[in-house]
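Here is what TrEMBL records for this protein:
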DOMAIN    2-208  domain 'Glutamine amidotransferase type-2'
ACT_SITE  C2  active site, for GATase activity
BINDING   D96  L-glutamine binding site
BINDING   L299, I328  ATP binding site
Amino acid sequence: MCGITLIISKRSSVNICISDILNKFQEIISRRGPDHIGFEKWITENNVTLLFTASVLWLQGNTLTKQPVHNENSILIYNGDLFNGVPEEFRKEYGDTKYLFNILNESEDIHASLCKLQGPYAFIYFDKLKNKIFFGRDKFGRRSLLIGKNENVLILSSVAKRTKDFEFMELPSVGTFSWDLSSDTLELNPYSQKYTTKLGELEAFLNKTFKVNNCSIAEETTFLGPDNDKIALLSRLQGLSVNEAFSLLLNNCQWSCNVTILKELLEDAVRRRISYQPKLCKMCILEKYSCSHSSVGVLFSGGVDCSILALLSNQFVDKGQPIDLFNISFDEANGFMSPDRVTGLQTLEELKVLCPDRNWRFIEINITKEELEEKRNNHIANLIYPLKTIIDDDLGCALWFASRGIDDSHCRVLIVGMGADELFGGYTKHRAAFKKDSWLGLHNKLDDDWQNLPYRNLARDDRVVSDHGRQLRTPYLDENVVNFVHSLQCWDKSFPTDKLPHGFGDKILLRCVAFQLGLKKAAYLKKRALQFGSRIANSKEAAHKVSERL
């Protein structure tokens, strides 16, 4: 995890001091990467000044890779994790930053090279010979990159502050952007054909037009009429007990095969997100070769998504290290026994039975109204910016406090269940779509939610978690997991009918994975959004209205 910033200024604007601009953002950028901060300045032949800044959280390789990475021909600042393609010996020695730098330096088609990579990233790369800046985010939008402007300066940054001097927006995750500083032309190489709306918003913001290069990739998900045999199997679940229903599905050859494939893909996704890091906590990373503190945590409500990830993490964390389970509550009126606290403690007992040799540290994070208001006003609002709705306020604050932990929680990686509801149909709106238009309605709603995922909350969540010098890792958004789930029809993964209890039919494939793993109770816990399970949200407020608190 890193914080990256590029400030771009016409040198002829003599009244602009870009170091003063950097000072406005340096503190909030440095919090993202507590292990190192570096700078690189370059003035082009046509008098454009570029100031690159990067703060580094060391997570791959035997030694920290300082940023910006540069040579006589190029400069790179990068925030991300590559989970494929990097030779293991190279990864162990140098990590993924130098590998990406080498790829970009050698590539004749930077966009094509990036499309072959797996993992979350945001990057800014300057080719000195071509006088050209390349920048962008991965296609799922898992890492933040903002674009800001005033009349003289353009800024690309992981995070910003609310200020009257600049206006910012989130850079859309629609492809690889480039800016030729010699001709002052902008280009986009899109990931798919679904870029028009978001690119239009960016063009309106910058008051500039992008040349769009051809894209032959059509990411349409095909709806095939319901498979009668599969629908008949699901219909047999009605009237059965939960245990009987799970057993019926897991004894079906095709259903059981999908459960096994998904479980193995999730295991591999969790393995890569845990194993590809030094096994050291925040306190020991720069001074020791080993430690017995927790280096991995899980955002933990006790629900099915996070419980699967916690249990799978047990396989890949050294037995001598604890695993931190971060559980957040704002329910001061009830002694902080919020719904998520209750289910978290319940599922903790299941984990203890399944993994008796593991030290599960249940981290109770209790936040008063006074602390919430103080931190929101003085700090968190800057991280949520430029988003500004009530749901951004609630979720951004909840996740910031949850990922902060308490004083003795020093893990550097936080495993979270983001993406599971979009993939497997876990929201109330999926149930409503199914009720209104049956399987076609569910198919279309799942597709809409997935297409909108990069523009909703992932960048915001990256900003608030990384503020604590922790890395946000999302196994459900692993490319291999996503590709498999998207290869399935909607009835292969969700059956959100009112004829089955809430907490069973929705996300039914994922719940079968939990049941097979031994999480018999967590497997059928009802879906509860973080803002309601933690009791931060006011149910009377309209989630998508602008928050007056931000």
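Yeah, the Cβs are placed from backbone N, Cα and C, and that goes for glycine too.
Features recorded in TrEMBL, as mapped to the structure shown.
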{"residue": "C2", "record": "active site, for GATase activity", "CB count, 10 Å": "28"}
{"residue": "D96", "record": "L-glutamine binding site", "CB count, 10 Å": "25"}
{"residue": "L299", "record": "ATP binding site", "CB count, 10 Å": "26"}
{"residue": "I328", "record": "ATP binding site", "CB count, 10 Å": "32"}
How many whole Å apart are the CA atoms of the residue listed as 'L-glutamine binding site' and I328 (ATP binding site)?
33
Does DSSP give I328 (ATP binding site) helix, strand or coil?
strand
Residue pair I328 (ATP binding site), the residue listed as 'active site, for GATase activity' - Cα distance, angstrom, rounded:
25
For the C-alpha pair, I'd like the distance in angstrom between L299 (ATP binding site) and C2 (active site, for GATase activity), rounded off.
21
DSSP secondary structure for L299 (ATP binding site), reduced to helix/strand/coil, please.
strand
Specify the secondary structure state of C2 (active site, for GATase activity) as given by DSSP, simplified to three classes.
strand
